[in-house]
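What follows is a set of notes on a single structure, which appears directly below.
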(Lines of atoms letter the chains of each structure in order from A and count residues from 1; the text may use other names and numbers.)
(Lines give C-alpha, C1' and ligand atoms only; values in the text may rest on other atoms or scores of the structure.)
Protein backbone atom coordinates (compact mmCIF):
# COMPACT_ATOMS: atom_id res chain seq x y z
CA UNK A 1 0.00 0.00 0.00
CA UNK A 2 1.20 3.51 -0.77
CA UNK A 3 2.58 5.21 2.32
CA UNK A 4 0.63 8.48 2.72
CA UNK A 5 3.55 10.88 2.50
CA UNK A 6 3.28 12.26 -1.06
CA UNK A 7 3.75 16.04 -1.17
CA UNK A 8 1.30 16.50 -4.09
CA UNK A 9 -1.54 15.86 -1.67
CA UNK A 10 -0.15 16.03 1.79
CA UNK A 11 1.86 19.23 1.61
CA UNK A 12 4.28 20.39 4.28
CA UNK A 13 3.35 21.42 7.80
CA UNK A 14 6.56 23.18 8.81
CA UNK A 15 4.62 26.12 10.20
CA UNK A 16 2.74 23.84 12.60
CA UNK A 17 5.75 21.99 13.92
CA UNK A 18 8.80 24.13 13.47
CA UNK A 19 10.46 21.13 11.86
CA UNK A 20 10.03 18.80 8.90
CA UNK A 21 7.39 16.58 10.50
CA UNK A 22 4.30 15.87 8.43
CA UNK A 23 0.92 14.60 9.57
CA UNK A 24 0.85 12.36 6.52
CA UNK A 25 4.32 11.01 7.18
CA UNK A 26 4.07 8.98 10.38
CA UNK A 27 7.26 7.06 9.63
CA UNK A 28 9.19 10.35 9.82
CA UNK A 29 8.35 11.01 13.47
CA UNK A 30 5.68 12.48 15.71
CA UNK A 31 4.46 16.03 16.12
CA UNK A 32 6.79 17.75 18.53
CA UNK A 33 3.99 19.71 20.20
CA UNK A 34 1.29 17.03 20.53
CA UNK A 35 1.72 16.43 24.26
CA UNK A 36 2.03 20.14 25.03
CA UNK A 37 -1.15 20.89 23.07
CA UNK A 38 -3.07 18.27 25.05
CA UNK A 39 -1.81 19.67 28.36
CA UNK A 40 -2.71 23.24 27.38
CA UNK A 41 -6.24 22.44 26.24
CA UNK A 42 -7.23 20.06 29.03
CA UNK A 43 -10.98 20.27 29.66
CA UNK A 44 -11.35 23.22 27.24
CA UNK A 45 -11.30 20.88 24.26
CA UNK A 46 -14.58 19.44 23.02
CA UNK A 47 -14.56 15.67 23.35
CA UNK A 48 -17.03 13.03 22.34
CA UNK A 49 -16.81 11.20 25.67
CA UNK A 50 -18.58 8.41 23.94
CA UNK A 51 -19.56 4.82 23.66
CA UNK A 52 -18.98 3.21 20.27
CA UNK A 53 -19.63 -0.38 19.24
CA UNK A 54 -18.66 -2.48 16.22
CA UNK A 55 -20.06 -5.92 15.36
CA UNK A 56 -19.17 -8.16 12.42
CA UNK A 57 -21.75 -10.42 10.77
CA UNK A 58 -21.62 -12.68 7.72
CA UNK A 59 -23.53 -10.05 5.71
CA UNK A 60 -21.63 -6.96 6.76
CA UNK A 61 -20.86 -4.89 9.84
CA UNK A 62 -22.86 -2.80 12.28
CA UNK A 63 -21.40 0.28 13.96
CA UNK A 64 -23.27 2.17 16.68
CA UNK A 65 -22.51 5.22 18.81
CA UNK A 66 -24.21 7.59 21.20
CA UNK A 67 -24.69 11.27 20.25
CA UNK A 68 -23.28 13.33 23.15
CA UNK A 69 -20.23 15.62 23.17
CA UNK A 70 -18.79 17.05 26.36
CA UNK A 71 -16.45 19.83 27.45
CA UNK A 72 -15.19 19.05 30.91
CA UNK A 73 -18.30 18.39 33.00
CA UNK A 74 -20.62 20.19 30.56
CA UNK A 75 -22.65 18.60 27.76
CA UNK A 76 -21.54 20.72 24.79
CA UNK A 77 -23.72 19.02 22.17
CA UNK A 78 -26.60 16.55 22.15
CA UNK A 79 -26.54 15.82 18.42
CA UNK A 80 -23.10 14.64 17.31
CA UNK A 81 -22.69 12.18 14.47
CA UNK A 82 -19.88 9.91 15.64
CA UNK A 83 -19.83 7.49 12.72
CA UNK A 84 -18.91 8.63 9.21
CA UNK A 85 -18.48 7.05 5.80
CA UNK A 86 -14.82 7.23 4.74
CA UNK A 87 -14.89 4.67 1.91
CA UNK A 88 -17.69 3.45 -0.41
CA UNK A 89 -17.95 0.31 1.76
CA UNK A 90 -16.25 1.50 4.94
CA UNK A 91 -17.13 3.66 7.96
CA UNK A 92 -15.32 4.95 11.03
CA UNK A 93 -16.57 5.68 14.55
CA UNK A 94 -14.91 8.36 16.64
CA UNK A 95 -14.11 8.63 20.33
CA UNK A 96 -11.91 11.38 21.75
CA UNK A 97 -11.15 14.90 20.54
CA UNK A 98 -13.81 16.20 18.14
CA UNK A 99 -11.44 18.48 16.21
CA UNK A 100 -8.86 15.73 15.75
CA UNK A 101 -11.54 13.24 14.68
CA UNK A 102 -12.99 15.64 12.11
CA UNK A 103 -9.53 16.26 10.67
CA UNK A 104 -8.79 12.52 10.60
CA UNK A 105 -12.01 11.74 8.73
CA UNK A 106 -11.39 14.46 6.12
CA UNK A 107 -7.82 13.26 5.60
CA UNK A 108 -8.87 9.62 5.24
CA UNK A 109 -11.57 10.43 2.69
CA UNK A 110 -9.11 12.38 0.59
CA UNK A 111 -6.42 9.70 0.78
CA UNK A 112 -8.89 6.94 -0.17
CA UNK A 113 -9.97 8.91 -3.26
CA UNK A 114 -6.36 9.60 -4.21
CA UNK A 115 -5.30 5.97 -3.70
CA UNK A 116 -8.15 4.61 -5.82
CA UNK A 117 -7.74 7.23 -8.56
CA UNK A 118 -4.03 6.49 -8.92
CA UNK A 119 -4.29 2.70 -8.76
CA UNK A 120 -7.61 2.18 -10.47
CA UNK A 121 -8.73 -0.28 -7.80
CA UNK A 122 -10.64 -0.25 -4.53
CA UNK A 123 -8.67 0.14 -1.31
CA UNK A 124 -8.96 -3.02 0.80
CA UNK A 125 -10.02 -2.83 4.44
CA UNK A 126 -6.60 -4.08 5.51
CA UNK A 127 -4.96 -1.24 3.60
CA UNK A 128 -7.44 1.26 5.02
CA UNK A 129 -6.84 0.06 8.59
CA UNK A 130 -3.10 0.46 8.06
CA UNK A 131 -3.66 3.99 6.80
CA UNK A 132 -5.73 4.87 9.88
CA UNK A 133 -3.07 3.37 12.16
CA UNK A 134 -0.31 5.32 10.41
CA UNK A 135 -2.20 8.59 10.83
CA UNK A 136 -2.77 7.97 14.53
CA UNK A 137 0.83 6.92 15.09
CA UNK A 138 1.96 10.23 13.58
CA UNK A 139 0.77 12.04 16.71
CA UNK A 140 -1.17 14.59 14.66
CA UNK A 141 -4.62 13.41 15.76
CA UNK A 142 -4.41 13.56 19.56
CA UNK A 143 -6.39 11.72 20.99
CA UNK A 144 -8.74 9.67 18.81
CA UNK A 145 -9.71 6.02 19.24
CA UNK A 146 -11.77 4.82 16.27
CA UNK A 147 -13.44 1.62 15.18
CA UNK A 148 -13.16 0.86 11.47
CA UNK A 149 -15.81 -1.32 9.88
CA UNK A 150 -16.06 -2.28 6.24
CA UNK A 151 -16.56 -4.86 3.54
CA UNK A 152 -14.18 -5.75 0.71
CA UNK A 153 -13.65 -8.69 -1.62
CA UNK A 154 -12.49 -10.84 1.31
CA UNK A 155 -15.63 -10.14 3.36
CA UNK A 156 -16.67 -8.00 6.36
CA UNK A 157 -14.06 -6.63 8.79
CA UNK A 158 -14.05 -4.84 12.15
CA UNK A 159 -10.82 -3.20 13.37
CA UNK A 160 -10.14 -1.70 16.78
CA UNK A 161 -7.44 0.96 16.46
CA UNK A 162 -5.97 2.60 19.55
CA UNK A 163 -4.61 6.19 19.79
CA UNK A 164 -1.03 4.91 19.37
CA UNK A 165 -1.92 3.26 16.05
CA UNK A 166 -2.07 -0.43 16.96
CA UNK A 167 -4.60 -2.41 14.91
CA UNK A 168 -6.60 -5.44 16.03
CA UNK A 169 -9.16 -7.21 13.87
CA UNK A 170 -12.11 -8.32 16.00
CA UNK A 171 -15.51 -10.03 15.81
CA UNK A 172 -16.86 -7.22 17.99
CA UNK A 173 -15.29 -4.31 19.84
CA UNK A 174 -16.03 -1.17 21.86
CA UNK A 175 -14.32 2.16 22.54
CA UNK A 176 -14.97 5.22 24.65
CA UNK A 177 -15.75 6.16 28.21
CA UNK A 178 -18.77 3.84 28.41
CA UNK A 179 -17.03 0.86 26.89
CA UNK A 180 -17.01 -1.26 30.05
CA UNK A 181 -20.81 -1.17 30.21
CA UNK A 182 -21.26 -1.90 26.51
CA UNK A 183 -18.69 -4.70 26.54
CA UNK A 184 -20.61 -6.59 29.19
CA UNK A 185 -23.67 -6.64 26.93
CA UNK A 186 -21.66 -7.76 23.91
CA UNK A 187 -19.99 -10.56 25.87
CA UNK A 188 -23.42 -11.84 26.84
CA UNK A 189 -25.36 -11.23 23.61
CA UNK A 190 -22.90 -11.76 20.75
CA UNK A 191 -22.88 -15.10 18.98
CA UNK A 192 -21.69 -16.39 15.63
CA UNK A 193 -24.19 -16.21 12.80
CA UNK A 194 -25.96 -12.99 13.82
CA UNK A 195 -27.94 -11.34 11.04
CA UNK A 196 -27.62 -7.61 10.39
CA UNK A 197 -30.93 -6.95 12.15
CA UNK A 198 -29.91 -9.05 15.14
CA UNK A 199 -26.55 -7.27 15.33
CA UNK A 200 -28.34 -3.90 15.26
CA UNK A 201 -30.41 -5.03 18.24
CA UNK A 202 -27.34 -6.15 20.18
CA UNK A 203 -25.47 -2.92 19.38
CA UNK A 204 -28.47 -0.85 20.45
CA UNK A 205 -28.72 -2.73 23.74
CA UNK A 206 -24.99 -2.17 24.34
CA UNK A 207 -25.21 1.58 23.70
CA UNK A 208 -28.32 1.88 25.85
CA UNK A 209 -26.57 0.12 28.73
CA UNK A 210 -23.69 2.58 28.48
CA UNK A 211 -25.76 5.77 28.31
CA UNK A 212 -27.66 4.73 31.44
CA UNK A 213 -24.42 4.57 33.45
CA UNK A 214 -21.79 6.75 31.73
CA UNK A 215 -22.16 10.54 32.16
CA UNK A 216 -20.22 11.27 28.97
CA UNK A 217 -22.53 9.14 26.78
CA UNK A 218 -26.14 9.84 25.88
CA UNK A 219 -28.73 11.71 23.80
CA UNK A 220 -29.63 9.07 21.22
CA UNK A 221 -27.89 6.64 18.92
CA UNK A 222 -26.27 6.56 15.48
CA UNK A 223 -26.38 3.20 13.69
CA UNK A 224 -24.36 2.46 10.55
CA UNK A 225 -24.84 -0.69 8.50
CA UNK A 226 -22.03 -1.45 6.05
CA UNK A 227 -22.48 -4.08 3.35
CA UNK A 228 -21.02 -4.70 -0.09
CA UNK A 229 -23.74 -2.33 -1.38
CA UNK A 230 -22.51 0.63 0.65
CA UNK A 231 -22.89 2.50 3.94
CA UNK A 232 -26.26 3.37 5.50
CA UNK A 233 -26.22 5.63 8.57
CA UNK A 234 -29.35 6.34 10.59
CA UNK A 235 -29.78 8.71 13.52
CA UNK A 236 -32.26 8.13 16.33
CA UNK A 237 -33.01 10.55 19.16
CA UNK A 238 -34.18 7.71 21.41
CA UNK A 239 -34.12 3.92 21.61
CA UNK A 240 -37.80 3.19 21.09
CA UNK A 241 -38.42 0.29 18.73
CA UNK A 242 -34.73 -0.40 18.11
CA UNK A 243 -34.08 -3.38 20.42
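Note that Cβ sites are derived from N, Cα and C of the backbone, with glycine treated the same way.
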Record-annotated phosphoserine (source Swiss-Prot) among candidates 77, 107, 129, 160: 129
Cβ contacts of residue 129 (phosphoserine) (under 8 Å, same chain, 6 or more positions away): 148, 157, 159, 161, 167, 169
Cβ neighbour count (within 10 Å, all chains shown) around residue 50 (active site, nucleophile): 29
Three-state secondary structure, which DSSP defines for residue 50 (active site, nucleophile): coil
